[in-house]
Structures are given as C-alpha cells and as structure tokens.
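**Student:** Copied straight from TrEMBL:
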type	residues	note
TRANSMEM	20-39	transmembrane segment
TRANSMEM	46-67	transmembrane segment
DOMAIN	67-228	domain 'Lipase maturation factor 1/2 N-terminal'
TRANSMEM	73-90	transmembrane segment
TRANSMEM	102-121	transmembrane segment
TRANSMEM	163-183	transmembrane segment
TRANSMEM	195-222	transmembrane segment
TRANSMEM	246-274	transmembrane segment
TRANSMEM	295-316	transmembrane segment
TRANSMEM	336-357	transmembrane segment
DOMAIN	399-541	domain 'Lipase maturation factor 1/2 C-terminal'
COMPBIAS	614-624	compositional bias 'Polar residues'
REGION	614-689	region 'Disordered'
COMPBIAS	625-647	compositional bias 'Basic and acidic residues'
COMPBIAS	648-663	compositional bias 'Acidic residues'
COMPBIAS	671-683	compositional bias 'Acidic residues'
Amino acid sequence: MLSSPTLLWLGPRLGLDTQTTMELLCLVGALLSLAAVLMEAFRDSLVFFCLWALYLSLYQVGQVFLYFQWDNLLLETGFLCILVAPLTLIRGSRAVREHDRVTFWLIRWLLFRLMFASGVVKLTSRCPTWWGLTAVTYHYETQCIPTPLAWFAHQLPVWWQKLSVVGTFVIEIPVPFLFFSPLRRLRLGAFYMQVLLQVLIIMSGNYNFFNLLTMVLCLSLLDDQHVNFWLRKTDESNNENRDSRWLSWLCYLLELLVWSLLICGTILCFDLQVDTTKKSISSRTAFTYHQFNSFLKSVTIPCVWIGVLSLTWEMVTSMFRCACVSGFWKRFGRMMQWTVFAAASAAMFAVSLVGGGESRIKQKLEKLKVPFTYIEFDSNARLWPGVRQAYEAVDRYQLVNSYGLFRRMTGVGGRPEVVIEGSSDGVAWTEIEFMYKPGNLSASPPVLTPHQPRLDWQMWFAALGPHTQAPWFTSLMHRLLQGKRDVIELIQTDVSKYPFQQQPPAFLRAHRYRYWFTELKADGSYPQRWWRRVYDEEFYPVVHLGSSFLEGMLNQYGLKDKSSPRRISNTTLAQAVRWVRSQVRGVPAPALIWTLLACSATFCLLRGLHAKNNPTERSSSSAEKTSDHTDGADVCSSDHLEEKHETEEEDEEDGANTEDEAEKSEKNNIGEDEDEDEENDEKLDERFK
C-alpha cells in the first residue's frame, strides 16, 4: 500500500476479483460525483478526498492507458479541492473562511504552471512547425480524434493558420503573467482569452475533459463582483471607493499600457504585416532560439518570486482577517485554521517548483512535458535540496505534476493510422473498424467530449512507432483471436457491428496507412469522403492462435496466461456490480455521460425554480450565513460603533435640559430607531431574496 497506494488491495478482503473491484471503484466515484452535483452538502472536503483516492487507485494500475497529462491534472486539481472545499459534514457550515483566499490561490498557480509550460515547451522543443508557425496547418488532421469542425478549420488559408499559432503563443506565454495582476480587469481579460482558446480546442478536437477542467481552473481568475454580474445580482460586497477618481484613471492608464505593450510585443516578435493586395496578414518568428532561451533564463526565477510575493500577500491579508475576528476563542480557532492551511499551501507551492523528477522524465510518456523549473535547467539547479526531497516523498501520490501539451507536431508527412484486418481463411481480409478513430474514409469524425476512448487514443500513439513500443498491442491481437467480449466492446459497443461477432477471426494482421483530410473540389463543392489515405507499410505480421511469433511476443512481454482462471466471485456485492454493468452494456459512453449531465442539469434547474418561488425555505440558510458574516466583523468596527453610541449618549444628556426638549429628543430617537429598523429589515429581505 505504501509503495503502490491503491484501494484495489482491499478487493480480496471484500471477496472481489481485481476487475470487479475496479468497476466498483468507478461506480462509487460516479455516485459520489453525481451526489455532489445534485446536493450542496456533498461538495465537501471528505467527498473530494474520496474522489481523489478512488481515481488515484485506478491511476496506479492504469499504466499507459491512464498516464495522460489530464489524468495528472485531474488528480492534482482533486487534491487542491480537498483544501479549498469546506468541511460541511463536520463543521456544519458553508460560510466563508478567512483562509479561503490562500488555498484558492493554489488553483490560480496551477493554471499558470499549466498554460505557461504548455506555451514554452512548444519553442524549447525546437519543433520546426512551431517555429515556422505552420503547426496548426497539420494539427487539425493529425490530432488523435478530430471533430467535424476540424475538417472545415483545415480548409482555412495558411496565413490565418499561422496567425492562429501566433495567438496561441500570446495566450499561453505572456498572458498567464496577468493571472497575478492586482488590477481585476487585467485578470478578467486573461480569463476570457484563456476560455476562448479552450472553447476553440473543444470545437476542433476531442480532448475529453481536459479543456473543461482547464476552464474550471480559469474560474480562479474571477471575483464575486464579476460572478454577480453574470448572475445579474446586486453586488453587496463592492466596497470600492468611488471618490478617488484619480486612482480609477490611473488604473485605466496602467491597463491600457499593459495591453498596448502586449500588442506591440506581438507585432515585433512575430513581424506582423498587413498585405492589402492579398487581403491577409503575414507573420514569421522574428527571434531566435538562443534569444528565447535567454528570455527564459531571465524570467523563470522572477516567475517563482511573483508566486512567492502573491502567496505571501494572500497569507498576510488572511492572517489580518483572522486577527480581527471578535472573541478570543473564535479568533484563536481561526488563527489555528489559518496556520494549518497556510503551511499546507506553502508546502504545495514549494513542491510544485520541482513538479517532476528526473525519473519521470525518463519515462516514455513524460517526454512530452517538463517540470516548472526544468523549463530552464540553471533555474532548477538553484532550488533548495529540501524541496526535491519533499517532492520525492509525495511523488507517488501525484500531488503535483509537470505539464507541457503539444510539444512537437506529429504526422507532418501524413497522419499515421494502424488498421487491423481479420480473416477466416487467410485469403479474404476484412477491416476491423473502431468506433471513434479514423478508419473508414467516408465516416464523419465524432464528437465525444468529455469522454475519452482510451483504446482509440493508444492506437494513435502506437501508429507513431513500431509495434514493439506498444506491448499492449500484442495482447490486443491475442484477445481478438480468442474472441473476448470485453475487448470487442472496446472496439464496438454495439457488438452487432463487429465483423466477426459470430466466430473469432482465425488470422489477424495490421497495416499502417497515411491519412489526410480531403480538400474542397475545384468548383468549391464538398467532397463525398472526409479522408483520403495511402498505404505505408506492414505494422504487425499475420498471426493466429499458437503461431510462433505471437507466442514469442507474449512470452517476451510477460503477457502469457500462466495461471488458471480465477473463480468468479458470487458475493452480493459482486453480483450487484455485474448487474449494473449488464444494464449499461451496449450503451455508447458519450450518450451515457451526456444523459447523466442533462438529467443533473434539469434537476438543478427545477430545484432552483422551486426555491425561487418559495423564498421562505431559504431563509434559515441565509440567516445562518448572515450570522457567520456578522461574527466575522473586525474589532476595529465594533470599537467604532461603541464610540458612536457613547457620543449619542452624551448628546442626549446635554440636550435634555428641559422636559419638553427631553420628550422631543426621545421622539426623534425613536423615529430614527424605527427608520434604522426599517432599513435593516429591507436589507435582510434583499439578502433572503
């Protein structure tokens, strides 16, 4: 459990085999997630801890099928949610805590690491397509699973594709520095630019939940004022001093200066020029690799210090809020909470600077990403050794990770694609078509978000090299020859569409093809097919059950069945898991996911409408939040109120020289109290609404 932390070790104690235990973990995680969506009380730290532990348990055994950067991102985000989410089930309140800004800052830091590293690695890889600004001209047709809109985006002119690469560099490299800007409008501008990039990626490619998760991280750039603007609510927390007009104008000038510098820097670095004759914008990379490397050396350590100063500011302001809480024991409790969460945030920040050791870089799939300070090696060498030791202690738990997407553009000479063929006699061959990956030239690209067909993705990676780099492919061929139903359903959920549903193929082979998107016809009409392809080479030779080549590969990779099949568990829990699987068998995964999402959204909408029509049901929760905020008022405000009451009493004593004046003063005070009570009642009603 210590060397490989996974809940699958508990399967035998429950009387379950490994496969059933994995399915049970998936079902429990799905139910907890659904409960958190539908019920606010389940959006709790303990629930997020359970979700993180469940996904980590599957990650530990998933091997290459779960070693994607978005799996690491989901684990890191899930762990941060443990720190951010309230302890409702124990504390019993969802009121704002003084240390919330400290833990929530970690989400913003994670977003910065993700976006900045993703932009930097594109240039540090020295990929000629990124440096030549032509990467997007290949991206749409060479990505793993494109969408139908990718075909139309591929038809755009080259100058527009190059301009898209320029926009990507701008959004991923300089704009993330605005995440830590004290000017809120700069952060909002950075938010909308990041969301725009993610939406465009979602429209043109199926990258499962990755872009949706990134958009969720972007919410850390917003504040309550802007969220209330979205929801069309009055912002009661807006304490902006409207009398200092000169300060507002100064902020406007600074924001204008920042955006002007960003635009001018983009024009100079990429030599943007408007060609009026061709009605286009020409662009090229106007800096060298050594100049960019020098830029990294000068900016990596300042990035760290920006993070240190920003986190320190959040800690100091939160500590001041805790110190101003009225009541000794309440103030002491808040300070203890602040100490724990501030220490945890500082530790997470320090460990994230390493974000991936040398052992990870040596792994096959880690070649596509770099730790934050490994962006520039000299900066990483200056890190305190204790930080590396702390990272090595928590590395197995995936608390922090390294990122860097689309480092190099593959498929420049055509998209490589592996096509498996089966035969019953070794003469007539039939292609085995997958549900999602390109194969059939006439089949339109699918829309799968947020689902990720893991086998289709691995087929894309396998096509980039020889089959010896993908040992699992030999096991796939072996199981197809055996006719194993679970494996067939990974290729076709509807088994009736599988060409060898009646009897497994006697022979199998695989060829590599080169695929391209089709082009518009000369007259501007659309072609009948989405793809065109050219034969490349043999990927896997002809094999059959018992063939020497297949047996040798199975023995070489340790995939040979050496032990007798385990007895199927018949416990009540195992039978329940198998029953659930039987109910969803044959249902496409995207349809199942979107059905759950649609039902959840409908339920939440109906509940919101019901609560709007019955505001009295929310009065108790609103009163609780109001009391929590009242308890959190600072000591300075209470002292000010006491001085005000003393002054009023002195005025009453001085003005009560006669009985008539005393009566008039008393009537005025009563009238003022009634006016204040009416105002307080109106404010309280507005809060309840």
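In case you wondered, yes, glycine gets a Cβ from its N, Cα and C as well.
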**Student:** Before we move on, state whether the transmembrane segment (163-183) and the transmembrane segment (336-357) share at least 3 Cβ pairs under 8 Å, counting only pairs 6 or more apart in sequence.
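**Tutor:** Touching, no - the transmembrane segment (163-183) and the transmembrane segment (336-357) miss the threshold of 3 or more Cβ pairs under 8 Å.
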**Student:** Same chain, outside the transmembrane segment (20-39) by at least 6, Cβ under 8 Å from its Cβ: which residues?
**Tutor:** 7-8, 10-11, 14, 47, 50-51, 54-55, 57-58, 61, 569, 573-574, 577-578, 580-581, 596, 600, 603-604
**Student:** Using a cut-off of under 8 Å between C-beta atoms, tell me which stretch among 46-67, 73-90, 295-316 contacts the transmembrane segment (195-222) the most.
**Tutor:** 73-90
**Student:** Look at every Cβ pair spanning the transmembrane segment (295-316) and the transmembrane segment (102-121), keep those 6 or more apart in sequence, and say whether at least 3 of them are under 8 Å.
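**Tutor:** Yes, since the transmembrane segment (295-316) and the transmembrane segment (102-121) share at least 3 Cβ pairs closer than 8 Å, they count as touching.
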**Student:** In the domain 'Lipase maturation factor 1/2 C-terminal' (399-541), how many residues does DSSP call helix, how many strand, and how many coil?
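**Tutor:** Tallying H, G and I as helix, E and B as strand, the rest coil: 34 helix, 35 strand, 74 coil.
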**Student:** Would you report the average pLDDT that the model assigns to the domain 'Lipase maturation factor 1/2 C-terminal' (399-541)?
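**Tutor:** Value for the domain 'Lipase maturation factor 1/2 C-terminal' (399-541), mean pLDDT as a whole number: 93.
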